[in-house]
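The ATP binding site annotation in Swiss-Prot covers Gly155, Gly156, Ala157, Gly158, Val159, Gly160, Lys161, Thr162, and the record cites sequence analysis as its basis.
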Amino acid sequence: MSSGKIAQVVGPVVDVMFASGDKLPEINNALIVYKDSDKKQKIVLEVALELGDGMVRTIAMESTDGLTRGLEVLDTGRAISVPVGKETLGRVFNVLGETIDLEEPFAEDVDRQPIHKKAPSFDELSTSSEILETGIKVIDLLAPYLKGGKVGLFGGAGVGKTVLIQELIHNIAQEHGGISVFTGVGERTREGNDLYWEMKESGVIEKTAMVFGQMNEPPGARMRVALTGLTIAEYFRDVESQDVLLFIDNIFRFTQAGSEVSALLGRMPSAVGYQPTLATEMGQLQERITSTQKGSVTSIQAIYVPADDYTDPAPATAFAHLDSTTNLERKLTQMGIYPAVDPLASSSRALSPEIVGEEHYAVATEVQRVLQRYRELQDIIAILGMDELSDEEKTLVGRARRIQFFLSQNFNVAEQFTGLPGSYVPVAETVRGFKEILEGKYDHLPEDAFRSVGPIEDVIKKAEKMGF
């Protein structure tokens, strides 16, 4: 094990000098430095650059407070390694695989794997054409998720990405019954804490591993924590041949941390100040999140859209890797429609008659056509009013508004805020409900009866209470 000495510390960047005869550590190797003589407080550094003349530049995974020039640094000879396997279930980790819950820490001999790996080769991959039912009407009807697929939840600040991902955990993890891995990347610690206790109460935690590198962590930890969660998921897929659910909240923070690290390493910034290696870093992460012939990884990733600008390089780079996109729209939150999923901007590779069936496909495309026509007519309505529309257009607008409201529903995880119980709607019920609205079966019911309900039967009950 070769050793060097700290030459300089600039925030989370630490330069380490190795003696001229010593072997330099490889890129991505983990180095250890002890802050105190008792060797109780250690900091892990990851090699990022070799500067020449025995000097390497590293990124710290923890705060560098207390580090001084001249402290001894040890090369572990391998990348950061984290615990994997059944022992990880029900536990909460940081980027280094250290437990941060109140339970006993792991034994030294627990099975560990490095966080840096190659993506599976082309001949190992497998694809699926089976739909993953979420119980959320707008998703199941218009942008269905594939088992073993990759899903992105796009949205600006405060439009409901985390609530939607928590509802998906509630619905899918409980129904799925398999193994889930939740990775919190640069998000609020409070949300992670709430999620942990909710999962503990519901019992889902027994089949879930949680990894957190939150907003208060150094950029190195936020950049690598997604790889830690992914390594745990990969083990279940490859070694235990499981079907794994991988939740990541938020992929944008991974890019943001990469941008901070890139600037600290002295690289020239690229478009909008992002790192020049943005596409490479995103590709290396996303290509590992895939399904192989041994098992599947279904990943659901929240992706923050800065200033609601979808052309920003961070969300635009993530788009290319996804099977389904669920776009959250601020205008819908202003109308009180939750989840605020844009039915026309969201898309899915799975929405084809071969995968979802002829009836589902026909209903979904007709719903999109009606909503698109309503959007085109809104300018006329705003300027001239409803009276200028033909009878056929008036009927279409009425149905479009009912569809728009019926695409909303109450969430189980939001019950504490709304006071209303959440609903899980099977796909068959969703398709039947929208088909009947399109046929004009409920044209006589008030539009408000369609707002925030579950299946179509709830609309009828709500209308009866309103006196219709």
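Note: Cβ is positioned from N, Cα and C throughout, glycine not excepted.
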**Message:** Excluding near sequence neighbours, so keeping only residues 6 or more apart in the same chain, what lies with its CB under 8 A of Lys161 (ATP binding site)?
**Reply:** Leu153, Phe154, Gly155, Asp249, Asn250, Ala302, Ile303, Tyr304, Leu328
**Message:** Neighbour count, 10 Å Cβ-Cβ cut-off, for Val159 (ATP binding site): what number do you get?
**Reply:** 25
**Prompt:** What residue among the binding-site residues Gly155, Gly156, Gly158, Gly160 has the most other CB atoms lying within 10 A of its CB?
**Reply:** Gly155
**Asked** Residues near the ATP site, Gly155, Gly156, Ala157, Gly158, Val159, Gly160, Lys161, Thr162 excluded, by Cβ within 8 Å of the Cβ center?
**Response** Tyr304, Leu328
**Item:** binding-site residues compared (Ala157, Thr162) - the one with the fewest other Cβ atoms within 10 Å
**Value:** Ala157
**Message:** Check the DSSP secondary structure of Gly155 (ATP binding site), expressed as helix, strand or coil.
**Reply:** strand
**Complete:** Gly160 (ATP binding site), DSSP three-state class -> coil
